[in-house]
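Undergrad: Dumping the structure here so I can ask a few things about it.
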Amino acid sequence: MSAKYIFVTGGVVSSLGKGLAAASIGCLLEMRGLKVNMQKFDPYLNVDPGTMSPFQHGEVFVTDDGAETDLDLGHYERYTHSKLTRENNWTTGRIYEQIITKERRGDYLGKTVQVIPHVTNEIKAAMKRAAVDVDVAIVEIGGTVGDIESLPFIEAIRQMRQELGRDNTLFVHLTLVPYIAAAGELKTKPTQHSVKELLSIGIQPDILLCRTDRFLSKDIKGKIALFCNVEDEAVITAKDVASIYEVPLGFHHEGVDRLVMKYLRLDAKEPDLTRWQDIVHRVYNPKDEVIIGIIGKYVEYEDSYKSLKEALVHGSLAHNLKLNVTWIEAEGLETKDESYYEQLRHVDGILVPGGFGKRGIAGMLNGIRFAREHKVPYFGICLGMQTASIEFARNVCGLEDANSSEFDPATPHRVIYKLRELRGVEELGGTMRLGAWACKLEPGSHAAKAYGTTEISERHRHRYEFNQEYREQMAAAGLKFTGTTPDGTYIEIVELDQNEHPYFLGCQFHPEFKSKPLEPHPLFKAFIGASYEHRMKRTHTKEREEESVFLRPERVGK
């Protein structure tokens, strides 16, 4: 059977949550036993988001095959079992790159290359390649309906309906129904105008997901259905929720998956939502909390660390804990402002995530030193592993000017330097060590205990590595190199001796990209466990101190 397509579009405003909506639909269909694949088309002209600022685009999600993609692919992988590749994320820039390459080769045989049919055909071909050996392909169109940039993609999905028919294509439109407090009522006009915009392009939506902060009444749903030409049951309340893991359950309650089955004429079992219900139950019924301090360069824009935050949530839920994140600006730890160090004193674990450039590095080193000297559980990822190595070289090995050649090309001690195969390469786009690489772990290490094996594969995104000329000296001082590539070329994991520090681990790869709510990543689960143990020790120590103050001789008899 050929795959059926669900096309997800958005209207009124951006950032309504199309990615989460698409992922939640995919999740529900998988629970019904269907095989699903997910795809995202972004209307910007960049070939990929790899060189875009985290402040503009947010996180860059890396797939096993090394593609640098939109953060929505992270939602897709966390909510479904789809194994995504570069075929699952396309941009206008990449589509045009393909077309121009073909034109230069002469593939178009001298024809005038135009948006229709050449651009739309390229888009449709990409959609069809991602729909092989699956029951349903869910395609999200980025941007907002009405934007000039999105028009070729909207036209392409209109043509897909013409080619494949109504039984094989479904249009899901996410829109906004705002509540106007002054008037005391929900307003449907933005939704009506958004659908009108879609209709003007030739698309009649089949299902409307109405983003709102309260449940839509039967009358409101009826009004939207009447003016937007959809069935009453196809007007769905996409209500704001406190936890994103509620979204699939909310959609199921509203009958979204049932409607998909009906419109696409699919036959499948009822979904088993037990495990998702358990996750949501844990979210709202934790036994305790854990506080993690994240020392980062982009902390004012949390989407820069989307997968990281979710992986910490997954690790916390595995221990039935509520996660509280303290975002610590790395540059703040370079100042004499005591409030930043006060933040460090109140966290149960410290994490330094990935990043690029010199800004904030000194603050990260100060935070890492605090974690090492005060025995606070530490987890360094990518840049966090590199800075941990630099801090150790400086403050334990006595290599005062130790640094990375990225931050100081003239440093006498290049503890971190550019990947050997990238020396002389000046282009930034797609030139890093990307994608899944094998790693061998040392038995008995924190990492090996967490994974339960000594052979793993993790995703990478970096252009600098640990300089093995310093390995022997730093190992003698107490730094353990517990993870390497199978051939020993690259250092992948460093740790402190477990007798010297309860939990101190840095990894060159990005484990957050493989964590899921139902399958928390072992390293995040271990880090949260160590952080909570540290919290318990701190609490007991504080209680003993308070008790000793209360029982001092001068207080007795008062």
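Cβ coordinates come from backbone N, Cα and C, glycine included.
Okay, so Swiss-Prot annotates it like this:
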REGION    1-266  region 'Amidoligase domain'
BINDING   Ser14, Asp147, Ile148, Glu149, Lys187, Thr188, Lys189, Pro190, Thr191, Gln192, Lys223  CTP binding site
BINDING   Asp72, Glu140  Mg(2+) binding site
DOMAIN    291-537  domain 'Glutamine amidotransferase type-1'
BINDING   Gly355, Leu383, Gly384, Met385, Gln386, Glu406, Arg463  L-glutamine binding site
ACT_SITE  His510  active site
ACT_SITE  Glu512  active site
REGION    539-558  region 'Disordered'
Undergrad: Who sits close to Thr191 (CTP binding site): which same-chain residues at least 6 apart have their Cβ under 8 Å from its Cβ?
TA: Gly11, Val12, Thr175, Leu176, Val177, Leu208, Cys210, Ile224, Cys228
Undergrad: Measure between the Cα atoms of every pair in Gly355, Leu383, Gly384, Met385, Gln386, Glu406, Arg463, the residues the record assigns to L-glutamine, and report the largest value in Å, rounded to a whole number.
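TA: Roughly 14 Å, rounded to the nearest whole number.
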Undergrad: Take the domain 'Glutamine amidotransferase type-1' (291-537) and average the pLDDT across it for me.
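TA: Its mean pLDDT is 93.
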Undergrad: Using all protein chains shown, find which of the binding-site residues Gly355, Gly384 scores highest when you count other CB atoms within 10 A of its CB.
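TA: Buried the deepest by this measure is Gly384.
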Undergrad: Helix, strand or coil at Ser14 (CTP binding site), per DSSP?
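TA: For Ser14 (CTP binding site) - judged by DSSP and reduced to three states - the answer is coil.
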Undergrad: Around the L-glutamine site (Gly355, Leu383, Gly384, Met385, Gln386, Glu406, Arg463), what further same-chain residues have their C-beta within 8 angstroms of the site's C-beta centre?
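TA: Near the L-glutamine site, the remaining chain residues are Gly354, Phe356, Cys382, Thr387, Ser404, Ile416, His462, Tyr464.
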Undergrad: What does DSSP assign Glu140 (Mg(2+) binding site), in three states?
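TA: DSSP call for Glu140 (Mg(2+) binding site): strand.
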Undergrad: How far is it from Glu140 (Mg(2+) binding site) to Ser14 (CTP binding site), counting Cα to Cα, in Å?
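TA: On Cα coordinates alone, these residues lie 13 Å apart.
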Undergrad: Calculate the distance in Å between the alpha carbons (Cα) of Asp72 (Mg(2+) binding site) and Glu406 (L-glutamine binding site), and round it to a whole number.
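TA: Answer for this pair: 30 Å between alpha carbons.
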Undergrad: Counting distance between Cα atoms, which of the recorded positions Leu383, Glu406, Glu512 is nearest Lys223 (CTP binding site)?
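TA: Checking each of Leu383, Glu406, Glu512 against Lys223 (CTP binding site), the shortest Cα distance is to Glu512.
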Undergrad: Quick check for the class: what is the C-alpha distance, in angstrom and rounded, between Arg463 (L-glutamine binding site) and His510 (active site)?
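TA: Spelling it out, the Cα of Arg463 (L-glutamine binding site) and the Cα of His510 (active site) are 13 Å apart.
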Undergrad: Given the recorded positions Leu383, Gly384, His510, which one's Cα is the least distant from that of Ser14 (CTP binding site)?
TA: His510
Undergrad: What does the structure give for the C-alpha distance between Glu512 (active site) and Gln386 (L-glutamine binding site)? Integer Å is fine.
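TA: That separation, Cα to Cα, works out to 17 Å.
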Undergrad: Between the recorded positions Ile148, Lys187, Lys189, His510, which lies closest to Met385 (L-glutamine binding site), Cα to Cα?
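TA: So, spelling it out, the nearest of the recorded positions is His510.
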Undergrad: I'm trying to understand the geometry here, so how far is the Cα atom of Lys189 (CTP binding site) from the Cα atom of Glu406 (L-glutamine binding site), in Å to the nearest whole number?
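TA: That comes out at 53 Å between the alpha carbons.
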